Amino acid sequence: MVTMPQDLHVKVSMSRSKSETSLLSSRSGSQEKIMNVKGKIILSVLMVSTVLVVFWEYVNRTHSYQEEDIERAREKGRNGDSIVEPQLWDWFNPKNRPEVLTVTPWKAPIVWEGTYDTALLEKYYARQKITVGLTVFAVGKYIEHYLEDFLESANKYFMVGHRVIFYVMMDDTSRMPAVHLSPLHSLQVFEIRSEKRWQDISMMRMKTIGEHILDHIQHEVDFLFCMDVDQVFQDNFGVETLGQLVAQLQAWWYKASPDEFTYERRELSAAYIPFGEGDFYYHAAVFGGTPVHILNLTRECFKGILQDKKHDIEAQWHDESHLNKYFLFNKPTKILSPEYCWDYHIGLPSDIKNVKIAWQTKEYNLVRSNV
C-alpha cells in the first residue's frame, strides 16, 4: 500500500476541485447560452406575430376605408358634390327600353329616350363647365333653304344651359342669316371654297373640319358635333350624347341586317366593306366626339377619299361610306338611336318615343346643281 504524501493529496484534491468547478461553470455557461438562444427565438416569434397581426389589421382596415371611400364617392355623385365622371351604369339604364337594342357587342351604350339619367349628367357637366362645338356646312341654295331653321332650332335645343360655339362653313358669308343666339351661345362663320359638284362638297367637308380642328377648334371646345344642315332640332339634344366617339344610327337601316346595308361593296374603293362584316349603318348627318377623335376620323376618311380619286372611283355614299368604314375598325364609344335623327317619311314606329332632330324635306332638284 502506497501512502500518498499529505501535501500531494492536498494538491490532487485542489486540482479535482478546480476541474469540477470549471466543469460546473462550463455547464452553467452552456445552459445560459441555450436559454439566451431560446429567448431570442421566442422574442423573434413574438415580433413576427405582432407584425403579422398589425399587417392583417392594416390590410383589413385599408380595405374597409376603400369601401367607405367608394361609398362616399357614390353618395357624393348622387348628391352632385363630386366632379368624378359618372360611370356608365350610374346614368344609363338599358332595362327601361327592353324592346330595342341598347348595348352593342363591344358594350357601348345605344342611347334611347328613357335610358339615361339627365339630372345626374347635367350636374356633372355643369360643374365641368364644358364647351361644345357644332359644325355645319351651307353652300349654294342650301343657305336659303335650310341654314336659318337649322341654327334657330339648334340655338333652342342643342346643349341647353352649356356653352356652345356654332361653326358655320359657307361659300358666301354675305348671305349669312341673322340669328338671335342665347347668352351662352356664340357663332363663328368661315368662308370655304365652292365646289362644282355636291358630292365634292360632301367629301371635302372632312378635310375642312380637320383643318379647323387643328387651327383653333381643339383649343376652344371639349366636344364637337358635325351635322348636316338640312335637318331641324325638335327637342333637347343634350349631354347624354357626349362621348369620345359618337355615331348616329341611320333611320332607314336601324332594323336591317349588315348584309342589307348600303356599304361600299367594290373592293377597289378604300371604303369597301365585304358582305358578312359590319355592325350598324351609321348616318353621316350626325357624328361627334372629342376634338382629337374627330380629327382622327376626318383624316382617315379624307385619306380614303383621296385614295379613291387616284383609282378614279367614288364610294357609293361618298363621305358616309368612308365614315362607315372608319367606324368598322374604330368602334364608337356611344351610339345615338334613330330618335336623334329621324325621317318622318318612314312614319313613327312605337319604338321612336321622342324625335330630337328631324330630316327636312330633301328638295334636291332645288338645292343641287347636279342631281
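Backbone N, Cα and C atoms are what each Cβ position is placed from, and that goes for glycine too.
Bear in mind that the values here come from a model prediction, so they are computed numbers and not experimental data.
Features reported for this protein in Swiss-Prot:
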- GLU320: active site, nucleophile (ACT_SITE)
- 137-142, 228-230, 250-253, THR262, 362-368: substrate binding site (BINDING)
- ASP228, ASP230: Mn(2+) binding site (BINDING)
- ASN296: N-linked glycosylation site (CARBOHYD)
- 1-40: topological domain 'Cytoplasmic' (TOPO_DOM)
- 59-371: topological domain 'Lumenal' (TOPO_DOM)
- 41-58: transmembrane segment (TRANSMEM)
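For the recorded site, ASN296 (N-linked glycosylation site), the DSSP three-state label reads helix.
For the pair formed by GLN250 (substrate binding site) and ASN296 (N-linked glycosylation site), distance between Cα atoms is given as 22 Å, rounded to the nearest Å. Same-chain residues at least 6 positions away in sequence with a Cβ under 8 Å from that of the residue listed as 'active site, nucleophile' are, in sequence order, TYR282, HIS283, ALA284. If you measure from the Cα atom of ASP230 (Mn(2+) binding site) to that of the residue listed as 'N-linked glycosylation site', you get 25 Å. Cβ packing within 10 Å was compared across the recorded positions GLN250, ASN296, and the lowest neighbour count falls to ASN296. All chains included, 18 other C-beta atoms sit within 10 angstroms of the C-beta of GLY140 (substrate binding site).
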